[in-house]
Amino acid sequence: MEPGKETAATSEQKPRPTLRASNTNRQPKVKRRKKDLEELKKEVVMDDHKLTLDELSAKYSVDLTKGLSVTDAQEILTLNGPNVLTPPPTTPEWIKFCKQLFGGFSLLLWTGSLLCFLAYGIHVSYYQENANKDNLYLGIVLSAVVIITGCFSYYQEAKSSKIMESFKTMVPQQALVIRDGEKMQINVRDVVLGDLVEVKGGDQVPADIRVIAAQGCKVDNSSLTGESEPQSRCPDCTHENPLETRNIIFFSTNCVEGTARGVVIATGDHTVMGRIASLTSGLTMGKTPIATEIEHFIHIITAVAVFLGVTFFFLSLILGYTWLDAVIFLIGIIVANVPEGLLATVTVCLTLTAKRMARKNCLVKNLEAVETLGSTSTICSDKTGTLTQNRMTVAHLWFDKTVYEADTSEEQTTGKTFPKSSDTWFYLARIAGLCNRADFKPHQESLPITKRTTTGDASESALLKFIEQSYSPVSEMRQKNPKVAEIPFNSTNKYQMSIHLLEDNSEAHVLLMKGAPERILDFCSSFLLNGQEYPMDEEMKTDFQNAYIELGGLGERVLGFCFLNLPSNFSKGFQFNTEELNFPMENLCFAGLISMIDPPRTAVPDAVSKCRSAGIKVIMVTGDHPITAKAIAKSVGIISEANETAEDIAARLNISISQVSNKSIKAIVVHGSELKDMDSGQLDNILKSYKEIVFARTSPQQKLIIVEGCQRLGAIVAVTGDGVNDSPALKKADIGIAMGITGSDVSKQAADMILLDDNFASIVTGVEEGRLIFDNLKKSIAYTLTSNIPEITPFLLFIVLSIPLPLGTITILCIDLGTDMVPAISLAYETPESDIMKRLPRNPKTDNLVNDRLIGMAYGQIGMIQALAGFFTYFVILAENGFKPLDLLGIRLYWDDTNLNDLEDTYGQQWTYEQRKVVEFTCQTAFFISIVIVQWADLIICKTRRNSLFKQGMKNKVLIFGLLEETILAACLSYIPGMDVALRMYPLKINWWFCALPYSVLIFIYDEVRKLIIRRRPGGWLEKETYY
């Protein structure tokens, strides 16, 4: 967070304000909340790190030796409130449950249900005791479907808002403060502005503190800034940016070693962490792409239903029906258009995919996020722990004037090696192992060295593991060469020195040193080459400088190593004084350089390459140093070999950056300080203009601004991260992806998905599954909607031609919630038709889940053939029973007259009302069976949208089971005794099953020919009109 940018003083806490201003300028709550959120997005104004100690003391009215008085502290606590984070307003569980019951598709089904109850009510009031109860049953079933599906969805997604709870777990419980000159342990809630606080290794920092004294203090800022290495702290202001200066320690970060004393400059919500917490909890998430698609689908279905309903309402009035009958028809047509089983089908399909993804280490917290990942067009990825292994590892060595590469892979299996027989390596390894404060935690002997946990900072731990693996057990080395004196590393000296007794001469001592390479070289007057000592010369200094620049340019942390065999007068028992040096610290012998980096994960380069093939832009957004960020970006392929930054081109051509042509720049590394001064238009221009982008040294607010910039340009954005600093961006993203192992609780709560193995490569798997489920949902919806036409047309012809009802309401329910359900769900198991990772991400504005082409295919083509099959069977059965098709026209009023028991058929036979109804229900059963038979073909053709079935094959076992299940269920509904009473379904003659079979074959042949033409003439008329 950079100073110098004027913001409202919302982050400024006053230790001694005299009164609280009343809020006379009252604004509407929503506007005020939006304004507060915009303030939180801005960088914090802070100048405490620049103040002298006297100015600091005066600003906070505190004695820097004795601290605040107990009375003053109590006054400030009363005025400013406790040092806690304000919990956000949480959504009650009952509201979440209601959203599942009444949101999206459920609303359509509730409308259908209410219309059914209305129709039944009208029937009851008109027909009294003879009222048809079909609409009552349909209304009850629709309500039950919504409630059961809603409960299922709520159960799948049930998660309380625990974002602030996870922040609370990060807050330390006790703090050591100095008040009235006395040290006292107090509850962290009671820490106030201006308090003098002491922090030691192992403590969590209780507030934002300006350091006034420190001894070897290092803090782990990784959760805030993304820096993977502990940062040293001292009283001096070392940077304009308060996040980068060394004299401030932040609330909830960990002090890993040393001690520090300082003055509290911010508490609770006003701390950097508090602002992130407020920002995260204040953000609202937009609709997921799949929610938008379902809303679009509802609009289409509603429009079709209302259009048909209103059209036939007026048509029925024209044909002479009463207005009461016309209203009943209107309601019936609208309800018939509602695909009752689709809500359950979509929910189950998403759930199945979520479970499949969980087996591949992608834990989805929100079902709709399953598809969102497939729609992703931009991934904003954190570096530390996501693209990298989150462990410092030795990457290169430089000794004997040669750079050697070490094995940085997670499995240590690349076989990279270096000359371990060199005497120089013998010295270098001993210095790295002995002049080292890191150690292995006990009882880990059975674990591989790379998997063992250590005590000590990241760089020393990396050296410890490397020496243990490449040289010899460090513990044995330390036993044989006991340490007798030490000067720990500090930011002023920039070196660490230790003195040891020699293994082969127990009376002599050796002085070992490591640290910043330029400092180490200053101590040296000689150097080792192939184990021999030579005087330091200009050639060696030039070689050293070149190696240092090369390794530093790779974004690696470079350390220099040297030693000195102390003269014989420093024999065993000599009392070394490290305060007032009584031993030589010059004329040391330079041994070499070792560089370390947090290396990329093995699978990441391949994953980034797959993302690029899939048309997904991968942007690195990190708090780490630009050189390190750029090096990792190049090693994983975020910046590809073919593309160069302006700096790369300038260096290659030996020209200034201003002379580089903008057309030749394809990649860019943007520093947080540059981003701070950009407006949204400039940021948008960078996001549009460059293919490969790295943002380095970014603050949490800037990460959020980058995500919002991508979304402004129409991208579906996925954000990956593991730290607290990532949580605002994770929540704002279309899909937030947190790390399961290294991720903080806060990031996991803010995210929609968790990578259980912390592997960026798992995201590619998730994208593939997301794209596949979108394709398969299209197929499921196409299959489900097709049967709507043979369900609606009987009702329409019943009105227009006044024939006996060909298909009843109960039978429609048996299709939608019975025979169609398992086959529709089985399409979720369908394998992709082609490499779905080779195509561009779908355009949410044009590539809809349900489009006019899908509706045209389902309703206008396949659905019509299915309706013909049903009517053919219907008319065959009635003809066999004596009623020829032409004689059925206009017969409905007589057919449904309960008092007419001598209705004559075509041949003069008389039929009672009961006999007519048995034939009618038999026809309805046959119509139902016909739909099942033509749905066989529909299911098979829905397996693919472009490929031939003969290429795709019938390997989907769940789909084969679905075919068998719907056939057996249809047979059971027809032939089980009692169904004539329960569902008005009657047994059929076997030959009536075959009436629809030719239509089923016709559907299959028609669709295979259509797909063949589409494949032969890509982009042609047929593809434009029918490829959904």
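The backbone N, Cα and C atoms fix where each Cβ goes, glycine too.
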Taking the topology from Swiss-Prot, would G81 and V919 be on the same side of the membrane? no
Tertiary contacts of the transmembrane segment (924-943), defined by C-beta under 8 angstroms and 6+ residue spacing from its ends, are 779-780, 782-783, 786-787, 790-791, 794, 805-808, 811, 814-815, 819-820, 823, 826-827, 830, 862, 865-866, 869-874, 877, 949, 952, 956, 959, 962-963, 966-967, 970, 973-974, 984-986, 988, 992-993, 995-997, 999-1001, 1003-1004, 1007-1008
Alpha-carbon spacing, D726 (Mg(2+) binding site) to D382 (active site, 4-aspartylphosphate intermediate), which is rounded to whole Å: 8
Alpha-carbon distance [D382 (active site, 4-aspartylphosphate intermediate); D722 (Mg(2+) binding site)] in Å: 8
Is it true that the transmembrane segment (138-158) and the transmembrane segment (295-314) have 3 or more CB pairs under 8 Å, sequence gap of 6 or more? no
Maximum Cβ pairs under 8 Å to the transmembrane segment (957-975) among 295-314, 327-344, 778-797, 808-828 is reached by 808-828
Of the stretches 295-314, 327-344, 808-828, which racks up the most C-beta pairs under 8 Å with the transmembrane segment (849-871)? 295-314
If you average the pLDDT over the topological domain 'Cytoplasmic' (345-777), what number do you get? 90
Looking only at C-alpha atoms, tell me how far D382 (active site, 4-aspartylphosphate intermediate) is from S948 (phosphoserine), rounded to the nearest Å. 42
Please work out the number of neighbouring Cβ atoms within 10 Å of the Cβ of D382 (active site, 4-aspartylphosphate intermediate), leaving out its own Cβ. 31
Where among 295-314, 808-828, 991-1011 do we find the most Cβ pairs under 8 Å to the transmembrane segment (778-797)? 808-828
Who sits close to S948 (phosphoserine): which same-chain residues at least 6 apart have their Cβ under 8 Å from its Cβ? E1008, K1011, L1012, R1015
